[in-house]
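Asker: Questions regarding the structure given below will be posed in turn.
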């Protein structure tokens, strides 16, 4: 029994495409991708027969199903192309302008930084000079205070020496006065003894008297070593 088959072809195609250009570059690329699905189906053609009563398994159902069907499906993808494009004059000019603009902006940033650095340096210099001037004035004041302090020390030492000299001279004068009084007392005592003796002699006239002449001498010792005024003044220096 010959069978006839019906062939059906289904094709689905999807196309992706795009064009990309790099700014400032000397090349451009274009890419196109095509995907499609191809399906072939062969199914047996059914020729309905007149109704036949049959008890077997063969029949219309076997013709439809029993022989089965054949199908093939294939998915194909791919195809990409890259095209090199030369840089145009406008693109080169734009790239040159961008490079010049970049150089100008970079130089402006450097100038701004140098100006800011110069300003901060000047402010720091002024502050440092002001602080140095303040310190210098304080040092000058301190030096003046040191000079006055040393002057006061010298004057105080000189005043002390002067007062000590005056004190020594005062007590040396008192010592001299005391020694003078002692000497005068001794002389008075010696003179009285001589006068008694003379008066005894005058009582006899030319007659040898049997009287005795008594001479008295008084020495006073106070137990201290005596120094002259000159030696005392020299000892102060």
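Positions of Cβ are set from backbone N, Cα and C atoms, glycine also.
Quantities reported herein were computed from a predicted structural model and do not represent experimental measurements.
Marked as coiled coil by Swiss-Prot: 115-193. Among the features that Swiss-Prot reports, compositional bias 'Basic and acidic residues' is placed at 111-125, 216-237. What Swiss-Prot records for 204-215 is compositional bias 'Low complexity'. Among the features that Swiss-Prot reports, region 'Disordered' is placed at 96-125, 204-237. Look at Swiss-Prot and you will find 124-142 tagged as region 'CAHS motif 1', backed by a curator's inference. Look at Swiss-Prot and you will find 161-179 tagged as region 'CAHS motif 2', backed by a curator's inference.
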Asker: For the region 'CAHS motif 1' (124-142), report the average pLDDT of the model, please.
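Answerer: Here the predicted model's pLDDT, averaged over the region 'CAHS motif 1' (124-142), is 92.
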Asker: Mind tallying the compositional bias 'Basic and acidic residues' (111-125) by DSSP state, helix then strand then coil?
Answerer: 15 helix, 0 strand, 0 coil
Asker: What does DSSP give as the helix, strand and coil breakdown of the region 'CAHS motif 2' (161-179)?
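Answerer: Residue counts in helix, strand and coil order: 19 helix, 0 strand, 0 coil.
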